[in-house]
Amino acid sequence: MHRYRSHTCEELRPSDVGGTVRLSGWVHRVRDHGGLLFIDLRDHYGITQIVADPDSPSFSTAEKLRSEWVIRVDGEVKARTPETVNPNLATGGVEVFAREIEVLSQAKELPLPVFGEPDYPEDIRLKYRFLDLRRETLHRNILARTKIIAEMRKRMAESGFTEFSTPILTASSPEGARDFLVPSRLHQGKFYALPQAPQIYKQLIMVSGFDRYFQIAPCFRDEDPRADRLPGEFYQLDLEMSFVTQEDVFSTMEPVMRGIFEAFAEGKPVTQKLPRIPYDEAMRKYGSDKPDLRNPIVMEEVSEHFRGSGFKVFANILANDPKAEVWAIPAKTGGSRAFCDRMNSWAQGEGQPGLGYIFWRKEGDTLEGAGPIAKNIGPERTDAIRTQLGLGDGDACFFVAGDPKKFVAFAGAARTRAGEELNLVDRDRFELAWIVDFPFYEWNEDEKRIEFGHNPFSMPQGGMEALENQEPLSIKAFQYDLVCNGFEIASGGIRNHMPELMVKAFEVAGFDRQMVEERFGGLYRAFQYGAPPHGGMAAGIDRIVMLLRGAKNLREITMFPMNQQAMDLLMGAPSEATPQQLRELHIRLAPKQD
């Protein structure tokens, strides 16, 4: 028999009754029932119940066992009595009567419980991550992550993609975040950078004559902590394709992404035909470029109903600013003053003056609008708003007014808040959609200049003619995002593969040819030797796993994450370098600032 086990702790079934087995694992818990000791023995695969009775030579050892000791058990498989069968365990029909127990490793008193999953301070969980990972939910999440990545690889290979690895030590490039810099020992005063994404390398792979590339790529960004992104590093399914249009990317990747969700959705419906929603439409209807389409609320413009009306606040805003609009946020079933007042208080907590509203209720046989706005604009305008929005008895509507560019984010947040408060969001499905036609440029109000809206390497719609003749802020990009349930899970574009077009695009954003040649010399040179039209995308693996597992944050699906202060509490990183290490790197530390 094997030194440690003949079976795993998940394998034994009633068909094994009568056999002698050897199991090894962790002591999950010990229970004393009238002199009999019941030990739940756990390994990577599952749990088996061990029984030690006072007549067994193993009993004296069993009495000493404590949680998370590692033991080996030899014993006989017996059937449980009908009343003791545990239907929640794969091995719940049997138990092993111990003949011999060997302690392989003892455990100190635990700093956090492994049995059960009570809430525990996150810093303790991260410091003792090796214990935290023994807990059932986290253990399953990590295994699911591995299976999801394996499914990605399988589907990409089936779609004709080849997996390539790109360098981890590379040159710094402006991708929208700070680089992690690595000092060079051999080249004094110079630094490598960890890649924020394999963007330039994957385009060079296309120029090199390969047709379809992908990799499970680690990406590194020195960003301030955010709730929806792990500090330091994250992983993405990165891909690129030659000789493709935007629709080619969609038709290739839609079955892959939909299939991954279907494989791990545990029966929840997944969007079959993904809609293409223009960016401007997404902002107008949902107040977000990553809308949660499970929320049925669709915002509409209702400016005409307020122009010249008795509600002077909105009427004056419209009269004094040609850019001003009034948007309506319809809220079916929200027609109570208590709910409307809660929404108004929430808006004030968000730094807004309030949130105007109308709600409708039956007064006898008449459907009437209620609230300050309804009183000021009168029944005819109130009813016109209700008719436009398709609302009725027991429904409500909220309003925001001003320059849409300034209030759109708040309007989107109000839509989300109303949908959640009214339980309008169906949480048992995955709603996927493509967001397309992103602005190529945007206006930086702080610096008073035009800058790239998203990826500077995307192809502008209209090409050189658009760059030379169109107002820059009106130019759209062949840029797209894949969104799911309010999260951006992938982003991509058709690339600008022509060197002069690339230079012109950067010139519009205020950069000259010399800067392009210096910062992107490898790509710029490559484009001068025959570059194919190409495009691709990158999907955030961490977010996809989080969504599929229903995890509350990204740390719940990552094996060894940092905390929100970008510290690895388990390994003690970042740490100070030794004087010798600093000398070899030609680095002298400046005095710490108070």
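Glycine residues also receive a Cβ, built from the backbone N, Cα and C atoms like all the rest.
As recorded in Swiss-Prot, the features of this protein are as follows:
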BINDING   Glu175, Arg221, His454, Arg495  L-aspartate binding site
BINDING   Arg221, Asp222, Glu223, Glu488, Gly540, Ile541, Asp542, Arg543  ATP binding site
REGION    199-202  region 'Aspartate'
SITE      His33  site 'Important for tRNA non-discrimination'
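Positions of the features from Swiss-Prot, shown on the structure.
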{"residue": "His33", "record": "site 'Important for tRNA non-discrimination'", "Cβ within 10 Å": "8"}
{"residue": "Arg221", "record": "L-aspartate binding site", "Cβ within 10 Å": "20"}
{"residue": "Asp222", "record": "ATP binding site", "Cβ within 10 Å": "15"}
{"residue": "Glu223", "record": "ATP binding site", "Cβ within 10 Å": "15"}
{"residue": "His454", "record": "L-aspartate binding site", "Cβ within 10 Å": "21"}
{"residue": "Glu488", "record": "ATP binding site", "Cβ within 10 Å": "17"}
{"residue": "Arg495", "record": "L-aspartate binding site", "Cβ within 10 Å": "25"}
{"residue": "Gly540", "record": "ATP binding site", "Cβ within 10 Å": "23"}
{"residue": "Ile541", "record": "ATP binding site", "Cβ within 10 Å": "21"}
{"residue": "Arg543", "record": "ATP binding site", "Cβ within 10 Å": "21"}
Q) When the pLDDT values for the region 'Aspartate' (199-202) are averaged, what is the result? A) 95
Q. Between the recorded positions His33, Arg221, His454, which lies closest to Asp542 (ATP binding site), Cα to Cα?
A. Arg221
Q: Report, as numbers and ranges, every residue of the chain located at least six residues beyond the region 'Aspartate' (199-202) whose Cβ falls under 8 Å of a Cβ in that stretch; write 'none' if there are none.
A: 166-167, 170, 173, 175, 213, 238-240, 455, 457, 520, 522-523, 536
Q. What count of other C-beta atoms do you get within 10 angstroms of the C-beta of Asp542 (ATP binding site), across all chains shown?
A. 22
Q.
Going by Cα-Cα distance, which of the recorded positions (His33, His454, Arg495) sits nearest to Ile541 (ATP binding site)?
A. His454
Q) How far apart, in angstrom, are the most distant Cα atoms among the ATP-binding residues Arg221, Asp222, Glu223, Glu488, Gly540, Ile541, Asp542, Arg543? A) 20
Q. Nearest to Asp222 (ATP binding site) by Cα distance: which of the recorded positions His33, His454, Arg495 is it?
A. His454
Q: Tell me whether Ile541 (ATP binding site) sits in a helix, a strand or coil according to DSSP.
A: helix
